[in-house]
Amino acid sequence: MKTPFRKMDGLGNQIIVADMRESTHALTPQAILALAADPQTHFDQIMTIHSSTQKEADFRIEIWNADGSMAKACGNGTRCVIAWLTDHNLGESFRLETPAGIIEGKRQTDNLISVDMGCPNFNAKEMPVSREIADTNYVKITAGPLKDACLVSIGNLHAIFFVEDNIQQIPLEKYGPKLEHDPLFPERCNISIASVTSHKSLNLRTWERGAGLTKACGSAACASAVAAYRRGLTQRHIDVNLPGGTLNIVYREDNHIVMTGPTKYEFGGFLNPLTGTYKKDHF
């Protein structure tokens, strides 16, 4: 019942990558909550690797938040999966089956991993939201100084609020939970505040659905880059500066979003998928 795992850092995003391909047991809610409660294994997302069910993909991944809920996308977690796969000599580029569809990733250098997150979705009915919205670029929703969100789905839904103030001075820990659970979002929402610093860069902070305030969120970085371009604030190729570091985002002419950034190995070992107990080992 030993499942190989790694604790990794995806630009401040705390990620566990677990290889479930040979496991006879699924990861239980008890195990997820136990790992989240342990200071050494506390995580934002768990990325579990499985054999693919589609011939177009090399592997299948599932994504778990720290509260035990499932996510459809996690850009930084996906970059950590790509790093794990390449470190184990399983290839240099991969097509991964995810809850949001098949996405592609590859190692650029020893430290930099790129992931093609696919195309953003601006269709309100597919996000989903609870009321009809004519223009997802400007949505009337307010919390304190935050208003007029831009809604973008990158497999999971993001609300981006652009502000002129220093984003560090806005108490996102206060407004994030309120907006995440707003009745507009029947499946909850990721909440970000962004400040454009030039036509080539912006600063970003994110309250992540199911995880809370986080140092980095890859899909939020992608969503903010797309939102800024839609509003005419930036060009297609920008740097997104997060508390954990910088991600390079390219919103290509073919509508695909490519995210590039570093990953870091913290420790590895084997875990029990039923209980969440683990033993450190070099893995």
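Backbone N, Cα and C atoms are what each Cβ position is placed from, and that goes for glycine too.
Because the structure is a prediction, the values reported are computed rather than measured.
Quick look at what Swiss-Prot annotates:
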{"type": "ACT_SITE", "residues": "Cys74", "note": "active site, proton donor"}
{"type": "ACT_SITE", "residues": "Cys217", "note": "active site, proton acceptor"}
{"type": "BINDING", "residues": "Asn13, Gln45, Asn65, Gly75, Asn76, Asn156, Asn190, Glu208, Arg209, Gly218, Ser219", "note": "substrate binding site"}
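Its Cβ placed at the centre, Asn76 (substrate binding site) has 34 other Cβ atoms within 10 Å.
The Cβ neighbour count for Ser219 (substrate binding site), using a 10 Å radius over every protein chain in view, is 32. Asn76 (substrate binding site) sits 7 Å from the residue listed as 'active site, proton acceptor', taking the C-alpha atoms as the reference points.
With respect to Cβ neighbours within 10 Å, the binding-site residues Asn13, Asn65, Asn190 differ, and Asn65 shows the lowest count. Within 10 Å of the Cβ of the residue listed as 'active site, proton donor' there are 33 other Cβ atoms, across all protein chains. The Cβ of Cys217 (active site, proton acceptor) has 35 other Cβ atoms within 10 Å, all protein chains considered. When the record's substrate-binding residues Asn13, Gln45, Asn65, Gly75, Asn76, Asn156, Asn190, Glu208, Arg209, Gly218, Ser219 are compared pairwise by CA position, the greatest distance found is 17 Å. A 10 Å cutoff on Cβ-Cβ distances gives Arg209 (substrate binding site) a total of 23 other Cβ atoms nearby, all chains included. In the three-state DSSP reading, Asn65 (substrate binding site) counts as strand. A separation of roughly 9 Å, to the nearest angstrom, links the Cα atoms of Asn190 (substrate binding site) and Cys217 (active site, proton acceptor).
In this structure the alpha carbons, written CA, of Arg209 (substrate binding site) and Cys74 (active site, proton donor) are 11 Å apart.
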